[in-house]
């Protein structure tokens, strides 16, 4: 009888990526297969996020539900990972006696050893250390799951914004070597991946080592990824304005694989609040980046993060944020009411904006951005859009679902043989969260660059030096 693994994931795309790696790791090394049913699992893993309010209590509520499963099945192993585990490991150990393993984002690669330790009789195994980038060296080869894939290029953040826990839970910025990233993406492309999303807490701070002891910048990495045959779209998440340099903007001018959509968090439009947040830039500098981006790539659409009701935020500060939203014409946003994160400098500031005021401001902001997004969507009516077909439509499995470059979901009728490929569709209807399209043509009628398999590229560029050391240059 096969061993079963259940993973519950909260939070960002990095957590989603980490959870997929946990599943691959435990499948390859210990034979665990994933299940959606927690009641049939032999190992339960909770991958946590500490960004939202009351994150710790949310963890304990979930563990309480899992404790009832363990009471019925004493051999069940429960593990807690992610940012809450990194930040609150001792509290979890003290309060949740059902937990066997506590691990941080940088130690998930040690899960097989931790499970072995528990099975040998150790009571609670804890490892929330930051062992540089070691975890990537010990993860199995990537497995594609559809035509899109996340690829982590770096970990941590060194910006220390006053409201943010990431430097304390994931550590400071550490970049993966350039060759490791290129090889992983080439392997994914060979399995049918057409779009990659490069992940990091601050991807534009990427500075990865090369095989000849040089440093690869983020702009250089983007061009290298674009050169991998079969990869026709590149996205990345997320960025910080202070390191969105001109060389990155230049890539938008000459690299069509990089999509015309950018998520660039600003958090506030008030210079006073930006200073309090320790963001390191002013609103005018953010607008300068957007202006240069739109000069390099006409029609690029921008999304952002906003924190509403940061300590000391006045009506004037909020008005500055709304002015920035109007000036930039954001297409989408992730906007949140401020709540203090324990251990951050902002947690020591008086939380002096009332809950009612925060909610009102959030509603105003979200309504404005929804209006702007609908305006962009209506402009797409009658246009032909290139869609990467991701799978069947959620609401109607007989139809197909894909995404435009600007990250809009499109539903349309076409044969399921198009899943995993590009199609052109005409946009005929607009809804709040999706578009409706009519199939125009399939990939066979397009001039897409797929003359070589990634394996051929690797073989062509792989050379052994006189010491027998293999080097790969894309």
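Using the three backbone atoms N, Cα and C, a Cβ is placed for every residue, glycine included.
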Which of these, 12, 157, does Swiss-Prot list as part of the [4Fe-4S] cluster 1 site with 49, 83?
12
Could you put numbers on the helix, strand and coil content of the domain 'TRAM' (378-441), residue by residue per DSSP?
5 helix, 33 strand, 26 coil
Return the residues near residue 164 ([4Fe-4S] cluster 2 binding site) by Cβ distance under 8 Å, restricted to its own chain and a separation of at least 6 in sequence.
157, 341, 344
Of the residues in the domain 'MTTase N-terminal' (3-120), how many are helix, strand and coil by DSSP?
65 helix, 24 strand, 29 coil
Can you tell me the CA-to-CA distance separating residue 12 ([4Fe-4S] cluster 1 binding site) and residue 161 ([4Fe-4S] cluster 2 binding site), as a whole number of Å?
18
Protein Cβ atoms within 10 Å of residue 49 ([4Fe-4S] cluster 1 binding site), excluding its own:
19
Just the number: how many Å between the Cα atoms of residue 161 ([4Fe-4S] cluster 2 binding site) and residue 83 ([4Fe-4S] cluster 1 binding site)?
16
With every protein chain in view, what's the tally of Cβ atoms within 10 Å of the Cβ of residue 12 ([4Fe-4S] cluster 1 binding site), excluding that atom itself?
19
So what pLDDT does the domain 'MTTase N-terminal' (3-120) average out to?
91
